[in-house]
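Asker: Sharing the record's features from TrEMBL:
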TRANSMEM  47-66  transmembrane segment
TRANSMEM  78-103  transmembrane segment
TRANSMEM  123-140  transmembrane segment
TRANSMEM  152-175  transmembrane segment
TRANSMEM  220-244  transmembrane segment
TRANSMEM  264-288  transmembrane segment
TRANSMEM  309-333  transmembrane segment
TRANSMEM  353-369  transmembrane segment
TRANSMEM  390-407  transmembrane segment
TRANSMEM  427-446  transmembrane segment
TRANSMEM  467-486  transmembrane segment
TRANSMEM  516-535  transmembrane segment
Amino acid sequence: MNGGDVTVAGSDDLKSPLLPVVHNDEPFERQTVGQQLRTIFTPKNCYIALGPLLCAVVCLCVDLGGDETTTARNMLGVLVWMFAWWLTEAVPMPITSMTPLFLFPLFGISAADDVANSYMDDVISLVLGSFILALAVEHYNIHRRLALNITLVFCVEPLNAPLLLLGICATTAFVSMWMHNVAAAVMMMPVATGILQRLPSSSSTTEVVHPAVGKFSRAVVLGVIYSAAVGGMSTLTGTGVNLILVGMWKSYFPEADPISFSQWFFFGFPLALCIFVVLWCVLCVMYCPKGAGQALSPYLHKSHLRRELELLGPMNFAEKMVLAVFGGLVVLWMTRNITDDIPGWGRIFDGRAGDGTVSVMMATLLFIIPSNIKKGEKLMDWNKCKKLPWNIVLLLGAGFAIADGVRTSGLAEVLSKGLVFLETAPYWAIAPTVCLIAATITEFTSNNATTTLLVPLLIEIAKNMGIHPLLLMVPGAIGAQFAFLLPTGTPSNVVGFTTGHIEIKDMIKTGLPLKIAGTIFLSILMPTLGAYVFASMGGV
């Protein structure tokens, strides 16, 4: 062996080391002071030190007014520390998400047990159950079968490019309604690019490629990433932002009725539908020119899609059972609380059962029902669950912990005093302003981080204005999901950008009108439909 000899002790020697002994005869090169400093002061290590350094500056130098605000100042310091690490990715995001478990008790913000409770509640249970179901759908290729079937419906003859684009976008939005929007984008992008692989590209062929082919490819990729984001707005399980909003509502107003799955759907779905129509129209105008169908028809034909569908074979017992469990869960979500006159099945349990209860219950069935593929095999086993996105679960827990800390420390009340001028402004002006602020911040930070930062402040402003808190909380949370301009705005955007079919200018051209339209629709629907849907809830 170059550079040294390896001696392995005999296995019969009880005192022998467990690992081989390496004798390195190469001379040790002593590093200079400059080299040692460059090794220590790397950009990564500087970013790591930046978090606690900023926290120390805030705790020692910032005066929020009065000795009673010491806890609030400590909370602000911890927030700065966490957001510095989140923005610079100095340490992995899931690890940063766990820092409240030790920072909050050490800085006197919350007890250890109180912080830990934030990382496992009904909302987290809802996420875990839905993620396990999403993994089952992915494992049995149900999402691909669904996409091919729906695309076949929209792939008419002669080929209509806008109609085919509508089918791809609608499928993605529908999938995103029932699982996290990032997971939906990751699952649907291979399906979309599989369709695009049938199209020629200027780099892979010497033939003259019709410009409509390249434009349609961009439209498909943009449609998938934006449809995943828009579809996720319509349900609680579609995005972490909606879950953070529900968790904060429950934390700040424990006496009020919780936001149920069906309540959010009755508001979120019409809003998402309006934004989706605008998305499709924008894509058609910009990327589906006249004659696009004729240019695409030689490469996209129903026979191609049917052939791929035939390769999947007929639906087996396991696929049918996963669909049955998934459908049963959706029905239970929608019927737990219906109306005041029709209370739903939740009344049977006196409100003790939540959406997370049935989510975990139905996910458990997947580990009980046999798959009929191998003897003794169930629909799911724990090895198939190793892909569970614990990073998202921990991030949600951190969001709930921060919300509790901002509230109990008094930081929300202190910061909201700087926004007193908003109390005199009319609501019709505040709602779009809040949405635009959130939509701007979210381009540079994660959607969840933006929501975690803004919503507690909006609650205090709503209290001072004497309006229902959800009238500001919802625009702030929805606005945080309008990350349509930059690839780094959300992981879904990264998924589309890495395909190589789109550029930043494509995202800006499509995302800007989408962001404006979303703000307008939200400003109209929140005081009208939103006020009606959430009218029965307390919180004022």
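The backbone N, Cα and C atoms fix where each Cβ goes, and this holds for glycine too.
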Asker: Given a Cβ distance threshold of under 8 angstroms, which distant residues of the chain, six or more beyond its ends, lie next to the transmembrane segment (467-486)?
Answerer: 226, 229, 232-233, 239, 241-242, 244-245, 248-249, 252-253, 267, 271, 427, 430-432, 434-439, 441-444, 447-448, 450-451, 454-455, 458-459, 461, 493, 504, 507-508, 510-512, 514-515, 518-519, 522-523, 526-527, 530-531, 534, 537, 539-540
Asker: Quick one: do the transmembrane segment (220-244) and the transmembrane segment (78-103) have at least 3 Cβ pairs under 8 Å, skipping pairs fewer than 6 apart in sequence?
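Answerer: When sequence-distant Cβ pairs are counted, the transmembrane segment (78-103) does not touch the transmembrane segment (220-244), since fewer than 3 lie under 8 Å.
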Asker: Looking at the stretches 47-66, 152-175, 353-369, 516-535, which one shares the most CB pairs under 8 Å with the transmembrane segment (264-288)?
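Answerer: Per the Cβ under 8 Å count, 516-535.
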Asker: How about long-range neighbours of the transmembrane segment (427-446): same chain, 6 or more residues beyond its ends, C-beta under 8 Å?
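Answerer: Same-chain contacts beyond the ends: 83, 86-87, 395, 453-454, 458, 461, 465, 467, 471-472, 475-483, 485-486, 488-490, 515, 518-520, 522-523, 526-527.
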Asker: What same-chain residues lie close to the transmembrane segment (516-535): Cβ under 8 Å, and 6 or more beyond its ends?
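Answerer: Tertiary neighbours of the transmembrane segment (516-535) are 259, 263, 266-267, 270-271, 274-275, 278, 427-428, 431-432, 435-436, 439, 468, 470-471, 474-475, 478-479, 482.
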Asker: Are there three or more C-beta pairs under 8 angstroms joining the transmembrane segment (353-369) and the transmembrane segment (78-103), sequence spacing 6 or more?
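Answerer: Contact absent: fewer than 3 Cβ pairs fall under 8 Å.
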Asker: Can you name the far-off residues of the same chain, 6+ from the ends of the transmembrane segment (353-369), with a Cβ under 8 Å from a Cβ of it?
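Answerer: Those are 121-130, 132-133, 136, 236, 258, 260-261, 321-322, 325-326, 328-329, 332-333, 336, 346, 378-381, in sequence order.
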